[in-house]
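Chemist: The structure is given below, and queries will be raised subsequently.
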């Protein structure tokens, strides 16, 4: 018999009755029922009930065991007594009568419980992550993550992609988020950077004659904490393709993403035919560029009904052509208590309030707005929104460029409060036609809106002759249930177009050469048309595991202060290490 086990703790069935077996694992739970000890023994594969009564030769040893001790148990498999079977366990028909116990690893008193899923302070969970990972839900999430990554790889290869690994030590770029810098010992005063993404390398691969690349790429960004991203590092399914247009990328990616979601959705419906929603339309209907399409509430422009009306606040706003009034339908929300609650919520979000109209049983409108604009305008709004008695509508007004984010939050809040969001499906969509540029109010200049390497729609002609703020890019995102899970674009592969694109954003050709010299040089030697994207592995796994916390799907994450509490990082280093790197510390004074 093997030194530690003949079977795993999830393997034994009623077909193993009367066999002598050996199991090794952790003491998950120990119970004393009238002098009979029941030990639930757990390993990676499952859990088996083991029994020692006073007649067992191992009873004295069993009495010494405590939670999370690692033990080897020898014994005989037998059927559980009638009525004590556990249908929730694959091993629930049998138990092991213990003949011998060997303690392989005793455990100190636990700083957090492994048995059960009770909430515990996050810092304790992260400091003792090796214990936290023994808990069933988190353990299963990590296993699911591995299976999802395997599925991604398999499906990418089925689409003709080949996996490459790009460098981890690369050059720093001042664009985007802050880099994690790595000092060079051999080149004093110079630094490598950990890649924020393999963007330039994957484009260089296309210029090197490769056709379809992918990798599960680690990415590093020295960003301030964000709720939707782990500090420090994250992983993405990165891909690039040569000689493609936007539709070719969509055709290659959709089967991969749809297939992964269908495989791990646990029966929940997954979008078959992805809609393509222009960026401007997404803001207009949903108040966000990552809409949750499970929410059926759609915003509409109702400016015409308030222009010249008796509600002077909106009427005066609409004298400025850039201002609009948007309505968010609230089916079933036509009570004063509900409308007042939404108004209070808006004030809590820093807004002056949230205007509303309610429709009574007779069909007449009620509320301050209805009283000011009159029954005809109120009825016209009801008909436009398709509402009925007992419903309400909520209104935001002003410059859409300034209020669309709040309008999107209000739409989401209404969907949640009215319980109209179907939580049991995955709604995937493409968001397309992103603006190439945006106006930076702080610096009073035109900036890139998203990826600076994207191809402008209309090419060099658009860059030369069009108002930059009207140029759209071949840039696209994948959204799912209110999250952006992937982003990409067709690349600007012509050097003259690349230089012009950066010039509009305030960078000269010398800046381009200095910051992106390797790729710019490659453009001079025959660059194919190419495009690609990257999908956030962490967010995909988070959605499929049914959690909203990225730490629940990551092995050893940092806390929100970018600290690894288990390993003690970041940490001090020795003066000798600093001298070797020619670094002297100049720390802020407390």
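Cβ coordinates are placed from backbone N, Cα and C, and glycine is handled just like the others.
For 33, 83, the entry in Swiss-Prot reads site 'Important for tRNA non-discrimination', with the evidence type sequence analysis. Annotation source Swiss-Prot lists L-aspartate binding site at 175, 221, 450, 491. Taken from Swiss-Prot, the feature region 'Aspartate' covers 199-202, and the record attributes it to sequence analysis. Annotated ATP binding site per Swiss-Prot: 221, 222, 223, 484, 536, 537, 538, 539, in sequence order, evidence recorded as sequence analysis.
Help me understand the surroundings of these features in the structure.
Modeler: With a cut-off of 8 Å between CB atoms and residues at least 6 apart in sequence, the same chain places nothing near residue 33 (site 'Important for tRNA non-discrimination'). Secondary structure at residue 33 (site 'Important for tRNA non-discrimination'), as computed by DSSP, is strand.
Listed in sequence order, there are no same-chain residues at least 6 apart in sequence whose CB falls under 8 Å from the CB of residue 83 (site 'Important for tRNA non-discrimination').
A strand conformation is recorded for residue 491 (L-aspartate binding site) in the three-state DSSP classification.
Within the chain carrying the region 'Aspartate' (199-202), a Cβ under 8 angstroms from the stretch's Cβ atoms is held by residues 166-167, 170, 213, 238-240, 451, 453, 516, 518-519, 532, all 6 or more beyond its ends.
Note: residue 484 (ATP binding site) has non-local neighbours 289, 290, 477, 478, 536, 539, i.e. same-chain residues 6+ apart with C-beta under 8 A of its own C-beta.
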Chemist: Taking Cα atoms as reference points, which of the binding-site residues 221, 450, 491 is nearest to residue 537 (ATP binding site)?
Modeler: 221
Chemist: For residue 491 (L-aspartate binding site), which of the listed binding-site residues (222, 223, 538) have their CA atom within 10 A of its CA?
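Modeler: Candidates kept after distance check: none.
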Chemist: Rank the binding-site residues 491, 539 by the number of other Cβ atoms within 10 Å of each Cβ, and give the residue at the low end.
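Modeler: Ranked by other Cβ atoms within 10 Å, the binding-site residues 491, 539 bottom out at 539.
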Chemist: Can you tell me how far the Cα of residue 450 (L-aspartate binding site) sits from the Cα of residue 223 (ATP binding site), in Å?
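Modeler: Residue 450 (L-aspartate binding site) and residue 223 (ATP binding site) have their Cα atoms 17 Å apart.
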Chemist: Determine the Cβ neighbour count for residue 450 (L-aspartate binding site): the number of other Cβ atoms within 10 Å of its Cβ.
Modeler: 20
Chemist: Return one of helix, strand or coil for residue 536 (ATP binding site), based on DSSP.
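Modeler: Its secondary structure by DSSP: strand.
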